[in-house]
Every structure is written in C-alpha cells, then in structure tokens.
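For reference, the structure is listed below as structure tokens.
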Amino acid sequence: MAVAGAAYREPLVHWCTQQLQKTFALDVSEEIIQYVLSIENAEEIREYVTDLLQGNEGKKGQFIEDLITKWQKNDQEFISDSFQQCLRKDEILDGQRSVDQLKRSRRKGRNKQEVPAFPEPDVAVEVKTPLDLAKAQESNNSVKKKTRFVNLYTREGQDKLAVLLPGRHPCDCLGQKHKLINNCLVCGRIVCEQEGSGPCLFCGSLVCTNEEQDILQRDSNKSQKLLKKLMSGAETSGKVDVSTKDLLPHQESRMKSGLEKAIKHKEKLLEFDRTSIRRTQVIDDESDYFASDSNQWLSKVEREMLQKREEELRELRHASRLSKKVTIDFAGRKILEDENPLAEYHSRLDETIQAIASGTLNQSLVTLDRSCEEPLGVLVNPNMYQASPQWVDNTGSTPQKKTSLSAGPRLEPSLHQHQLRIQDQEFQEGFDGGWCLSMHQPWASLLVRGIKRVEGRSWYTPHRGRLWIAATGKRPSPQEVSELQATYRLLRGKDVEFPNDYPSGCLLGCVDLIDCLSQKQFQEQFPDISQESDSSFVFICKNPQEMVVKFPIKGNPKIWKLDSKIHQGAKKGLMKQNKAV
C-alpha cells in the first residue's frame, strides 16, 4: 500500500520539486517531499513547509495553500481509486468461484459447457539480441524493487535532511549538518558549507578549505583569480550588523538591554583594575586554631607555640572558681564580679591565629630573641646568625682594641658601628653560585667584551656577584649590528675593538654584578654612562670575562641557575683564559 501511495504521489512530488527550485531556489531531495506528503494532518504539513521556507509571506503562503489543496485532492483520488480496486478484486474473486463451480459440475458430467480460462497477464519476451536481454533484466529489476528505508540517525540520513541554500548564509550548525570548510584563524568561528569559503561573516578575514589554501600559497595567476573570487563580497560581508536583521520588537529591546549591561560590566571591571582594591578574602579552615595539629604548613616553632598557647587557654577556660576575681567596693558597699571572664581567652586566641595567618609569629620570636643581644648597628643582613667580625690591627695596638672590646656595652657608638661593619664585597666576588642571565645578540657579546657596561631590565634583582651571560637563539641582523656598533663608537670612542662574530644559543662568559639601581639613582650616581640605558632598573657590571670555548645552552627567562656540569666546565674555561692572558 505504501509503494502504491508513493507511486500515486509522483506527479505531486515532481510539481513540488520544480516549484521549490524555480520560485524559491531550494534544492530539496524527493525523499523529504515524499515525507511531507505522507503526513496525514494538513496543519502539520503547513507548519513543516513554513519552517522549510522560513516564512509564509507572499509567494510562500500561496505555494503552501496550493500544496495543501493538491494534497487533499490527491488523497481523495487515491482513496476512490483504492476503493474501485477493491471492488474489482471482489469481482475477480467471484468469477474464480464461478469457474471452480463449473469445473466441479463438469467433473460430475452434469454440465459440459467449457469456460475459457483467464489469459496470462505477462507474456515471455523472446530474447534474440543482447539489447533484448538488458531490457528484460531492467523490467525484472523494476518489478522486484522494494522501498528502502533510511535511518535518520545515520550519516546518510542526516545528509538527506540537511537543506543547503544557494549562496552564503549564516549558519550555526558548527559543521554538524553541513560539511566543514575551516575555522577562522582570527575569531575562531566554525565555517560550514552553507557559509562557504570567503570572508568570515563575523570578523571579515579570509576562510577557505585546505585545497584552496594550497592554491593561494602558489602565488600564481590562478591563485590571484581565486583570491579575487573569494574576497569579492568582503565589503558586504565583514561583521554582521544586527540592525540589518529582521528582529522582533521584544528581541531588539532585549538585545539593547544586554548591550547596556555588558558595557556597564566592562566599565566596572576596568574601574576595579584601575583602583586595584582587594575585595575578596580566602578563608582557610586549615589555618584555624582548632586544626593546628593537622595543618602541615606550620613550622615546628609555630606548632610548639600553638600547643603551648592551647594549654594556657584551656587552663584559663576551665580554671577553678577559687581563682575568680572579685572586686569589693567598701565605699559603695558593693561586690563586683568579672563580667566577662573569657574576654582574655578570646583575645589571646585571635592574636595567635592572626599572627600565624599573617606570618608574623616567627618575626615576633626573632625580635624577642634579639632584644637581649647587643645592637646590630649597620649590618648588611640583620638576620645573619653568626658572630660579628672583629677588627685586627696590624700596627701593634691589638691589646688596646681587645681591652676596648671587653669593656662591654659602654663603648662609643662610632667604635661599636665600626666593629659590626661587614665588608662582603670580596666574598661576593669570590663566590660563584652559577646564576645566569639570557640576553639577545649583539648586546650579550658587547657586555662580555666590556664594551657595554650596564644592562637594563624592567625588574629588580637582589643578586650580587658573578653573573654568567648566555646568548639566546635569535640571530642578529647585520643592520642591528652596524647600528649598535655606531652607537657605541660615539659613546666609547673610535678605538673600540668589536667582536668579529656574534654566536647565538651558547654561554659567552661572565661579569660581576656590582649593584642594581633604579633609573633615578643610576642617573645620579653614574651621569657619564646614563645614556647607555633608559630602563626602569639598571645592572652595574664590572670585570667582564669571555670564554674561549662557547658551550651550547638553552636560556630561560630572568636570572636562572646553570647546570652543575656546565658550570664546572665554564669555570675551567675561564681559568684557562686567565692563564693564557
């Protein structure tokens, strides 16, 4: 029955296909139209076709009404024809019954009248040539062909349901319904076959397939023609203008209100970033007093301090009533009890927790331990736990110095400060921790050669002493080298000997970092060389040493530590160079 109904709807299917292609330029497969015509409700057909045409105005509405009229007429004809076919079948069955009765009567000899049998509907075709054989096979295949059902959840079914409009139209299928063209490299939009190759419908940059990209990279006449063809609609596509779309009034108002909220939120975030006010607070339950034993981040001193304070507070909270404070007022004849006996308990608890959370507990302990010692004076590092150096006089007045040192804390301030002064510059110069700084060429070679005396950075470093210099992997251009050499000829003089080559990606040598100054301090203390750097912080470098053999190395940002084996080899290379010099 389904096959007969599909065959009966073929003229209507053909009419729908032609109307959609000619009037609306829609390439819709026959399976979709047959599915629409198989719907039994006229309202469902009207709703489906309206969604397919994206509206029911003008010609679209007229087409929908014509389609429903033809569909109803077609169904009525189909019902009447099927009814007539049923009647014919009943007549045929009655005729067959009469023939059977005649045969039975003829067997009995009562009625000798012969009734002709029904002629065979199909006559065998005589096959004489290969063409006749092919025609016979086609007729057999057409008779045996059955209706094939396609699963809509497979790839084939999805392809048949997808509608591809002619031209480039915005589509939000994300490459699920249509074939994927590519992703926009600027905004990241997923462009499908419906949007097509060309300017991105959001940002306007070119989006094309991999095959088209290969053609464009050839830089030939064909690639220029293809580029011109793809970018032909760049003026009209570009960014999608919301005002050009057909929006309903409530959609337009909702979009405007959303835009206003987004602008207000942007201004709020910019204001927060401008003021940099702390508006959030992290509450860590592990740093609470009651979790002191389980907090793994506390040091041993902090844990002991908390346990001691916990015992004190427990005794204070569960103290005997005999130790309760009572005030007797003889003049007023009153006895006053302590109104809030746990006030001291809560105050001590809060002080301890706040000291641990802020990290000032260790500092308070250090200050308590230091309070009983002698004043520190002008030590470079006041937290150094070692005896202060003593002055050794080689002129023969050592006993007098010793007696003055044994005089106790009643010494003169100048003598006491002189005693506590630490001269650590030689120690820092002699100590090599293997710290390295990565620099671009040709500045790295000029610093190791001693032509460049300072190095500018946007960050401060507390490092002092030997600093290794490594060249990055970027090779300098001849123009950069010539410009930098001309600059340093003006600053240092014409007799400067520049290096012959500027190797990259290797360890060049080392310098001694004397100080790190701000730009203002640098201009005040070194006005002669203030033109060499205008950075926020300036490294003052002295004693440059270049390696004979440059080790290949990969740099890191800021100041980083060398590998121990490379560090030992670099120090040996410097020693060999010093001996050779």
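Placed from the backbone N, Cα and C atoms, the Cβ positions cover glycine too.
Among the features that Swiss-Prot reports, UFM1 cross-link is placed at K324 (among others), with the record citing similarity to another entry. The secondary structure of K324 (UFM1 cross-link), as reduced to three states from DSSP, is coil rather than helix or strand.
Per Swiss-Prot, the feature UFM1 cross-link maps to K334 (among others); the stated evidence is similarity to another entry. Neighbour list (K334 (UFM1 cross-link), Cβ cut-off 8 Å, at least 6 residues apart, same chain): I328.
DSSP places the residues of the domain 'ASCH' (437-531) in helix, strand and coil in these numbers: 31 helix, 27 strand, 37 coil. Annotation comment: Swiss-Prot describes 437-531 as domain 'ASCH', evidence class sequence analysis.
If you look up Swiss-Prot, you'll see A2 marked as N-acetylalanine, on the strength of similarity to another entry.
Residues or ranges marked as phosphotyrosine in Swiss-Prot: Y289.
Positions annotated as region 'Mediates interaction with UFL1' by Swiss-Prot, on the basis of similarity to another entry: 300-400.
The zinc finger annotation in Swiss-Prot covers 167-219.
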Confidence summary for the zinc finger (167-219), mean pLDDT rounded: 90
CB contacts for K324 (UFM1 cross-link) [other CB atoms within 10 A, all chains]: 10
